[in-house]
Amino acid sequence: MVMGIFANCIFCLKVKYLPQQQKKKLQTDIKENGGKFSFSLNPQCTHIILDNADVLSQYQLNSIQKNHVHIANPDFIWKSIREKRLLDVKNYDPYKPLDITPPPDQKASSSEVKTEGLCPDSATEEEDTVELTEFGMQNVEIPHLPQDFEVAKYNTLEKVGMEGGQEAVVVELQCSRDSRDCPFLISSHFLLDDGMETRRQFAIKKTSEDASEYFENYIEELKKQGFLLREHFTPEATQLASEQLQALLLEEVMNSSTLSQEVSDLVEMIWAEALGHLEHMLLKPVNRISLNDVSKAEGILLLVKAALKNGETAEQLQKMMTEFYRLIPHKGTMPKEVNLGLLAKKADLCQLIRDMVNVCETNLSKPNPPSLAKYRALRCKIEHVEQNTEEFLRVRKEVLQNHHSKSPVDVLQIFRVGRVNETTEFLSKLGNVRPLLHGSPVQNIVGILCRGLLLPKVVEDRGVQRTDVGNLGSGIYFSDSLSTSIKYSHPGETDGTRLLLICDVALGKCMDLHEKDFSLTEAPPGYDSVHGVSQTASVTTDFEDDEFVVYKTNQVKMKYIIKFSMPGDQIKDFHPSDHTELEEYRPEFSNFSKVEDYQLPDAKTSSSTKAGLQDASGNLVPLEDVHIKGRIIDTVAQVIVFQTYTNKSHVPIEAKYIFPLDDKAAVCGFEAFINGKHIVGEIKEKEEAQQEYLEAVTQGHGAYLMSQDAPDVFTVSVGNLPPKAKVLIKITYITELSILGTVGVFFMPATVAPWQQDKALNENLQDTVEKICIKEIGTKQSFSLTMSIEMPYVIEFIFSDTHELKQKRTDCKAVISTMEGSSLDSSGFSLHIGLSAAYLPRMWVEKHPEKESEACMLVFQPDLDVDLPDLASESEVIICLDCSSSMEGVTFLQAKQIALHALSLVGEKQKVNIIQFGTGYKELFSYPKHITSNTMAAEFIMSATPTMGNTDFWKTLRYLSLLYPARGSRNILLVSDGHLQDESLTLQLVKRSRPHTRLFACGIGSTANRHVLRILSQCGAGVFEYFNAKSKHSWRKQIEDQMTRLCSPSCHSVSVKWQQLNPDVPEALQAPAQVPSLFLNDRLLVYGFIPHCTQATLCALIQEKEFRTMVSTTELQKTTGTMIHKLAARALIRDYEDGILHENETSHEMKKQTLKSLIIKLSKENSLITQFTSFVAVEKRDENESPFPDIPKVSELIAKEDVDFLPYMSWQGEPQEAVRNQSLLASSEWPELRLSKRKHRKIPFSKRKMELSQPEVSEDFEEDGLGVLPAFTSNLERGGVEKLLDLSWTESCKPTATEPLFKKVSPWETSTSSFFPILAPAVGSYLPPTARAHSPASLSFASYRQVASFGSAAPPRQFDASQFSQGPVPGTCADWIPQSASCPTGPPQNPPSSPYCGIVFSGSSLSSAQSAPLQHPGGFTTRPSAGTFPELDSPQLHFSLPTDPDPIRGFGSYHPSASSPFHFQPSAASLTANLRLPMASALPEALCSQSRTTPVDLCLLEESVGSLEGSRCPVFAFQSSDTESDELSEVLQDSCFLQIKCDTKDDSILCFLEVKEEDEIVCIQHWQDAVPWTELLSLQTEDGFWKLTPELGLILNLNTNGLHSFLKQKGIQSLGVKGRECLLDLIATMLVLQFIRTRLEKEGIVFKSLMKMDDASISRNIPWAFEAIKQASEWVRRTEGQYPSICPRLELGNDWDSATKQLLGLQPISTVSPLHRVLHYSQG
C-alpha cells in the first residue's frame, strides 16, 4: 500500500475567511492523501493552516513555537498534492491582512480570548485537557460534542466594544451523563460588538473539580479583559444560551421582568379566587394552619376512604371526619353524608391550603402582597400572547378544532407559561409528545402553576361533576377534546370566566384500553401511558370521551393557559388594586458578629433557679434512699428503681418527682408502698388517668400519676403525702444499652435538663394542697445497685467509671453490685461491659407466658471497620443552610449555631463547601476545597439571612448531582425546617445521587416537617437528627454524632425478611418499619410480633454491593417472658412517633391513624407509657387513720426483687476483713452422702492429654508464714479461705506453655510408700522440681482461657448447706472417701502467681493443736508459707475439711481391704473434696469429658500405692447436682469414676473405665490405641466418603443416634432426602478426617488444614492411608461448597474444624451449646 504524502501529518485548520466550498475541499484533500486534521491546536499537530495570521492568540503562538509546529497557508496543501511531495513551508507564509489594519486592541477582541493563565504548557498539561478553541458561525466541521447535556453553572458578562457596541458572552459548564469522553464541557458563546457575528469556544474536562476550577478561572480571565458580570440575562444574552440553559433562564427572566397589565390581572384573579374560596370555607386564616396538620388531615381522608370502601357505618365515618374538622376548622356545619365526592373536595381543599401556604412563604408578614410578589411566588413564567398574532390564532385554532359540543366557546385570552423544573425534567425522549388539554377549577390554578400537576391523593368517581376521572386509576388525566375538558373547568367566583391548560404530554408508547381499570397506579409493563378509547357507533367501550393518562409528573410540561367563557356564564368586572410595586422586605436579624455569639450550650448546665426545690423553710427535700435492681440480657435491660422519701412536714403536701431516663427507655411498671398498702399503677388513656388523679386528690385520697413529658423525662405526681409518712415508689423500665464498638454501656442518669424539670415542676394539676418539688434523685443519699448480666458470648470485662463495684461472674454471666455506702451524684451510674463476638447477628424469640403471642428481636451490628477504606481522606462535606423565609426568627439563629458547630468539627483531610439556598443558592467556593482556617467559612454562615424566598432545595441537589465527585464520597449536611418545595423531585434527585452522595438532615424549629427530612435521609443513606429546642443540652452530641457518621462507612437500604411458612398469616408487625442506615459501631435492633418464626434474612447495601445474612433460632431456644414483648411494643410505639411508616407523607399519616388504636392497646397490655397513656393509682384513705402511719419495711420490699442468679459464688472485690468476720456454718450441717452401688458400665473419656498451664511468677506475690491457723467452720467465702490457706483461684486464665498433668515419675519421687509422693506428680506436676521435692502434697490446678465464638457455658451453681438437708444423695463418692486423709496446709515454696486455678478449701476446722506443720506419712513436711493473690477471680473448687478426726459420717465411711498395702491412720485433718469444674476447668478437658463444661462435684480419692509400675493413680469421682438442667441429668445424675494409669510410654493416656458392681475399677486400653484402622478404612465408600453409621460411631466414640436427632431438630429435613443424605455423608467424612488428622499429628505428621489433608509432601509418611485420605479430601472439597455456612445454620459450630473437634471431644464446649446434648446423649 502506497502511503499518502501527508502521512504522519496532523493539520490544525484555522481558515476563517476561506469560502465554505474551499474549506470542504481542503478537508477532503488532506484525508485522501493520508493526513489528518483537527480544529483545535494541540501538541500532536505538526502543521497549522491559516488564511490570516492575525487569528492566532499569543498563547497559541507560544505553543506553536514550543512544539515546533509548521505554519502555512492553504496553498501549501494544494501545491504539495500537485507535485506529489511534501513541500517546504517557508514559501507558504499565511496571508497578510488587507489594507485596513485594525487597531491593536481590536485584534484581541476580534480574535480568540486570551487565556495564557489558564492552559498549562505541554510539560504539565493533562491528557484530558483541550484548550479553548474558536469556531466561526460558518464553520461546519465542529468536533462532535454531546447534545444530551445539562447545565450546572452559567454566567453572562458584558463589555463595551471599540465601536461603542455591547460585547456579550455566556459561559456554561455543561455536564453529560452518558458521554465518557466528554463528561464536562466549558462552553463560551460570544456576541461581538457589531451585534451580528458570534463565535464559540470550549474546553473539555474529565472531573467536576477540574471543570469547576477551569470555569472559575476562565471567568476571572474574562474580567481581566474588561468584561463585567451581569446579574440578569438580557434578551441578547439569552439568545446566546444553549437550549438547556434557556429552560433554566425561565426563572431568571421572571425575576427580572416587570408585569404587563394582563398578567397582573390574571395573577390577582387566580389569587383572589383561591383565597376567597379558603376564606369562605375555613374558620381561621390559611397562614395560621400548620402544614403538618394538613398532612395529618390528608391521612385521615385516606383512612375514611378505606373505611367507606369497607362498608363502615355512617356513625363511624362521622366520628373519623370529626378529627379532620378539628385539624382543618370549617365554617358552618359538617355535611351529614360522607361519600367519595366529599372526600375528593376535601382533598382538593387540603392541596389548596398547602399551595397557598407555600406560595405565601416569601411574604409571610404581608397578608396581601403586591402583584409582582404574588407573581414571583408562583415561580412560573407567564407571558401574555397578544391577540391577532400568528401564535394566538394558531393556539386558538388547535383548541377549537376538537370542540364537539354545539355550545360555542369564546377564547378571551391566551397566556404562555413555563415552569423551570418541568422544562428540565421533561421526558421528551419518550417520544409521542402531544399537546393535550386539562381542565380544572379556577381556585386550583395557583397551586398548579406553583407546583405543577400532581397525581391525585384520592382517586375515585366523584359523582355527576366528573364523569370519567378515576376510571384509569391514580394518574393525571388529559383530553384532546375541548368539550371533555370543559366538564372540569368551572367558572370562577371572581369574574365568571374559566381557565384551561394546554400541556405537552410525552405519551411515549400508549396502550389503548376499552374497559375501566381503577387499580392502575402506573402504566402497564412496556407502556408509558394509557388511552381510554371513547365509545363510537362501531366501537363499544366504557368511556364517553377520549382520556389520556400518565402516571409520572415529568411526562407533563405546561405551555398555555386559555381564558375562555361559554354561553350562560355571568362575566363580572374585576378591578384589582393598582398596588403592583414590590416593597423590599427586611426582617429583623440578630446583631451577632462573632462565632462565640453562636456557641451552643454545654451538655451539662446547672439550673439558674431554685424555684420549686424548697419547702416552706427553704430547705431541700431530697430523697432518702435509692435502690436499683436490674437485669441485662444481651444488649437490653430491665431496671427496677426503688425511691424512698419522707414528708417531714406537719401538713400533707403534693410532691412531684422528676424521673430521668434516656430516650431508649420505656417505663413498664409503677407501684407505691405507703401506710402498709401496696398501690399498683394501671395504664389508662391520658385524659382518663388525669381525671382519676384529680378526683382522688380532691377527696383526700392518695393518688399517684406518672406521665411522659419529654423523651427523657417521666413525671411522678405523688399526690397527698401525709405528714411524717414514708413512701416507697417502685418504677420498672426497660431500655437498650448503648454500644461503643464492642462495649455495651448501661447508664442511669442522676438529674435531668433544668428546663425540662422546670416545665414539669411548674405544671399545676390541683390546688388543694401545698406542692413540694423534688428535682433529682439526690446527691448524697443512700444508693445501692445490683444487676445481673447474661450474654450470648463471653464477657470480656465489666467496670464502672462512676462507682466501685463488687462482682461475681462466669464466662457469660455476671452479677455486679455497688459497695456499701455508695451514693449517686450528678454523674449518675455508668456500667461498661466488654463483649466478644459482638458482630455476630442473632435472633431471640420470646413466648408470652399467658397468651398465644411471640415476639422476636434481631440484633445486628455489622463490622464495617473491616476492609473498608478511610473515607475521610477523599470525602467532601457540603453544609447546606436553609435561608428561605420560613426559617425567619429564632429558628434561623439555631440553624446557624448548628452549622457553625458542624463546621468546627470538619476534619483536616476533608474538603468543604458551604451553600446557602432558598429560591436560588449561593456557594462559598465554586467547588469543595481543603481549608486551613474556618474564618472565611464561618463568616459566610454568619452573614446568611432568611431572605432567599422559597425552599427550592431541589435546585441545589440538581447542581451537586451534576458535578459529582470523581473520587471518594460526598456528604451533604442539610440544616432546614423541612418545608421543601417540590418534594417528589427533591426525593428523585436524592435517590439518583446515592451512589456518590449521602445526605444527613438536621431538623430545626417547632414546626419542622420531620417526615420529609427523615425520608430524605433514609433515601440518601444518611441519618436524620431533630434538634428539639427543649433539649439543647444534647445538641452538641447530636451534631458530633452526625459529623462522625460523615467520616464513617455505612450500611444502608437494610431490610428484614421474616420466614413465615403460613401464607395466610397477617402482615408482620415490625419496628422499625423502615430500617435506618447503619454506621461504624452502630447496632441495629429489629423487633417484631411474628408468630411461629424462627428465621429471618437481613439484606443491606455496603458500598452499593448487596450483602445478605441469615439468622435463626429453634423452637428449643425460644424463651418465655415479657421483656422482649415490652421492647417490641415500645419499638412499635417509637416507630409510630418518630419512624417512617410510608414514603409518602399522606400515606404515612393515614397509617398513623390506623395504628393509633393498636398503639393504645399495646400500651395497656405491656404497661408502657406513651403520648396517649399514663400510669395512675389511687389509695383510699380512712379519716380515722393514724397520723403517724407504719413505715414500710423498705429492705424487705427491695429484697423480694432478687436478681442474683449466681448465689453459689462469692463476690470479687470485697474487702478481705469483711469476709473473715462473716458467720460460718458448721460442717455438721452438711448432709450425709452415701454412694449407691453401680452396675457394670463403660464410660469413654476424651482423648486429649491432660495438661496444665505453665504458671508464671507474678511480682505481686508475697510470701508469708501461715502461723497459727485459727479455728474456722465451713461455708467460707472466697476471700477468707484464700487468706487463711494462702491459695488463690481465677476463673479464666491465659494459656501459656503446657506440661502434661500426669508426668513420668522418677524413682526417687516414689521411694516412700506414701500417698503424697504419688499425688504430687499426678496432680501438681507443673511445679518446679524443687517445689515437688519440698512440698509434694500441694494441690493446684490450672485452667485454660475459654475461647467461644457465640455462647459459652453457663456458670455452675453452688449450694449452701441448707440445700443438702434432705438426706443422702445416691450415687456419691462417700464410700470411696478414706477414713482419714492428710490435708496439705500450704502452697509450694515458690507458688506461681499468674492467673491459675487453685484448689480452695472450705468447710473444715482445725483445732488449736493443729498449729504445727502437719506431718505426713513418709516423713514429708509441708512448709507453712503462703501467698495471697487479691486480684484473682472467685473460687470454683472447694475442699471440705471435717471438724472431727473421726470417720466422716456425713460422707460415709471407707474400710480398706486387707490386701491394701497401705492403711491411712487418722490424721489431724481429713480431706474430702467438693470440686466444681467450670468450662475452662481446673482439670483439662480430658478429665471431664463426661461433664464437659458442666458443674460437677469432684471427690478426690486415694488408693494404696505400691511400686511405680504397679501403682494406681488417684481416682476422681464425678457427681452431678440435683438442680442441674434436665438435659444433663441423664449423664450427670450418677457418679462415674476415672482411673488414670501412669504409663512410662505415654505421658498421659486416658482410659475406658469399667465400674463394676464389686466397686472394682479396671483400666482399659486407650480408645485411640484401640482403633482398628483396617475397619475404619473399610467403611469408606468407593466415592471416598463415609456414612454416618453406628459402626462409625463406635470407632469415633460418637453417638450417631444423638447426632441424627440433633440435626433433625435443627431442620436438616428441609434440604430434601438427597440433600440430607449428602450432608450426613459430608459430616461423617469430616469427622473421620479430623480423627485421622489428630491421631497422626500425635505421631508428628502435621497437616496444613482439615480441608488440605492430601498434601503430597506427607504421602511417604502414611503410604497405607494416603490414597484414602486423598480421595476423601477431594470429595469433601467438591461437596462442601454446596452447603455454604451450614455449620452455623445447624448450630454445629463456626466452621467444620471447630464443629468436628467439638463432636470428637477434642475441643471444650459450653454447656449452653446445642452440641452439649449430642456429647451427653445416652449411649444406652
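Here the Cβ of each residue, glycine as well, is placed from N, Cα and C on the backbone.
SER1335 is the residue among SER407, SER1335, SER1460 that Swiss-Prot describes as phosphoserine. Looking up THR333, THR423, THR1120 in Swiss-Prot, the residue bearing an annotation of phosphothreonine is THR333. When THR101, THR234 are compared in Swiss-Prot, the phosphothreonine annotation sits on THR101.
Among the candidates SER717, SER885, SER1504, the residue that Swiss-Prot annotates as phosphoserine is SER1504. Across the domain 'BRCT' (1-94), DSSP helix (H, G, I), strand (E, B) and coil residues number 38 helix, 15 strand, 41 coil. Mean pLDDT, taken over the motif 'Nuclear localization signal' (19-25), works out to 80 on the 0 to 100 scale.
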